[in-house]
Amino acid sequence: MTMEGPEEIGMQIFDDMSLCGYETFVRDMEKLRIAMNNKVVKNNRKGCSKVARDLVDLHTLLIHCAQAVDTGNLKIAVELLKQIKQHASATGDATQRLALCFSKGLEARLVGTGSQVSKLLMAERPSAVEFRKAYSIYIAACSFNKVAHIFSTRSIMQTMVGKNGLHIVDYGAMNYEFQWADLIRLLANRNREGDPPEMKITAISGYQPRACPSQWIEEQEHRLNMCASEFGMPFTFRAITMKRELVSIENLNIDEDEVLVVNDIFNLSSLVGESSFFGDLSPRDTVLNNIRKMKPNIFIQSVLNFSHGTSFLSRFREALFCYSALFDMLDTIVPRDSEQRLVLEQGMLGRWALNAIACDGVDLIDRPEKYRRWQVRNRQAGLRQLPLDPDIVKELKDMVKKHHHKNFLLSEDDQWLLQGWKGRVLFAHSTWVANDASSE
């Protein structure tokens, strides 16, 4: 029997996406639904018996342990960690899996190796094929990134009406190649009788742990070039590797007759939000000011909706609430024996959680803020928020209602499109232009 290699698996996922868009994941959603239904039937036949571990409140143990770590009470912290580890499991329920990730972070912080452990984990990121397979099941199970991508893609399509040149400045460092494959397909099919528009992508890959390795970016460039070639679309790709706050309009080679789109999906939160010197702009505000100076036709922004606060304990509690929702969502939708789920939880989500718990200051990878705070920052930078497009909102609401679990939240607030799980808002999306730009 011939086994498919990583490149073949990755190409198949990418090809499905470029040919069928996000509809390709509907089949995967149905498979997950059938698998979960079979698990429920099997468990019901066995009967639901209470076991001792159900009586352990792991959330409370985690908070008490974090308090002990914060106050330097080594004896109590070690004892609580021991209890947590006894009940934590990579293959258990949502709380057990979460407890395993968080206990690793607490232990690293307790012994003072948080920064080193975090850097090792970031260096040992899942392989490209592991990422693509895990990401495909995440897209199938969960509406979060799918909504973010479709919101971005549809907003770009609306901006491209009557235009034939597109330049995307992507601050996502090409973490979302599936989105651009879908956009190439949509643009190529927009006018089958006429010439397809010319498309350029400038990928901003900063000096940061989250940034894609150069080899990965080269692979994605190759895939996107092949995809564009199949659709007969003129396509240019360029990667800029420099600090994001240093990227300005002079670095972008912008043509006057092209539609300029600045796109960020969950990445600007890794920038420091406070300035080092009084009167200076922070790196986060500097990037927003530079985006305003670019005067894009549209700036599409997706943000994580939680705040790290100013102390370790506030950051720990906020991370606990956020990751509890994500792990609960996966436990509700994805079977516990799924290998891709293990990669998602322990190899990807677990790395971010460990960094948030074990590290401080410059070692933090993410510094998220609530969407209301982003709204203030954007306006102070000279950006003007655009109203949500009702057709795009309706399409997304219909999709989530038709294909996803009833506990997914999709609502609107002050021109932000909000997403969440069981009433907790986790992500927010909006569109902007420069304040002095034309309203047309």
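Placement of Cβ uses the backbone N, Cα and C atoms for every residue, glycine included.
The region 'Leucine repeat I (LRI)' feature in TrEMBL is assigned to 56-116. Residue counts for the region 'Leucine repeat I (LRI)' (56-116) under DSSP, helix first, then strand, then coil, are 48 helix, 0 strand, 13 coil.
Each residue in the motif 'VHIID' (166-170) gets a DSSP state, and the totals come to 0 helix, 5 strand, 0 coil. Taken from TrEMBL, the feature motif 'VHIID' applies to 166-170.
Residues or ranges marked as region 'Leucine repeat II (LRII)' by TrEMBL: 219-251.
Under DSSP, the residues of the region 'SAW' (358-433) split into helix, strand and coil as follows: 28 helix, 25 strand, 23 coil. Under the heading region 'SAW', TrEMBL lists 358-433.
For the region 'Leucine repeat II (LRII)' (219-251), residue counts in helix, strand and coil come to 18 helix, 6 strand, 9 coil, using DSSP.
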